[in-house]
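Novice: Got a structure here, written out as structure tokens. Questions coming.
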């Protein structure tokens, strides 16, 4: 955050944040409201939600939704972390793919026919069409997402400028800590769910306010969220489904339904199920997203109705600093998308999916807490934060 502000000289900072389930196909550690508090305490001025229909998706759709929201908010500049660290290289790579689109698409198909996952096939295709040192390594996860951000900016004819910050020391999927006080999201999650886990183990890798709010969530609600807590619900659902039922679920393609129904029979945990399910053709993340759609019963028809090929249909405001509130007041007439401060009375196909995802997310809670949290989510107004006193209002 500090590097972003230093690099962009921004007047205000806006974060587009996933809701209950994340792009890599797993539940968020804590609710979006606690994560909103974390973001505000760390210097973000406006926090808005990326709807489930965009957030639990491949990088292209994820980026398209996020950029459409930022564009609607009249953001002048975006900043993202990447393994490459040179923004010119992202523009060069997008340009190279466009110029070699026919060859690129043919190569992707060729590599997929050889049994590779889409992500692997794409990475291999880029290696064949990109020879210059000024192109990015498309096998790296943050480079892939950054590439899609730039592509979305150009496709949406946005005037938005882009900056990138090089990720040092720790890669996104690294599972262990290093001694440079930089840790990946994966390693932090792994530590939090390990035996004898302690928040003190991660305190040097995350902001103090974040550590405090993580501890507070676990104390108040008795848990942090991970896939294993949903496994019994997930397995029960699959045990009651036929292959035909599964084929209606979003991202269940190419006979994957048969493999899923076969492997769930002998799996006693989500991790063991994933180990049995994974193949060369499907990445772990791709399979986790498919499992998330099964858990939330998100169908192909629902995603079609959400019209994800277009921009996000609304802006759900989760939190704001005083500076952020001033920005919205000054610019609200220019913002064409509806800004939702709650979802109780608004109706849209995208929001129908969102409500289901929230219901599933809180399903691991005991009653009456589960019902209370679900009701609160629909009526919850944006969290307000006074940055001068560092207090929530």
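Keep in mind that glycine also has a Cβ here, set from the backbone N, Cα and C atoms.
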Novice: Can you find which of 81, 115, 222 Swiss-Prot lists as binding ATP at the same site as 142, 167?
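Specialist: For the ATP site that includes 142, 167, Swiss-Prot also lists 81.
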Novice: Reduced to three states, what secondary structure does DSSP give residue 167 (ATP binding site)?
Specialist: coil
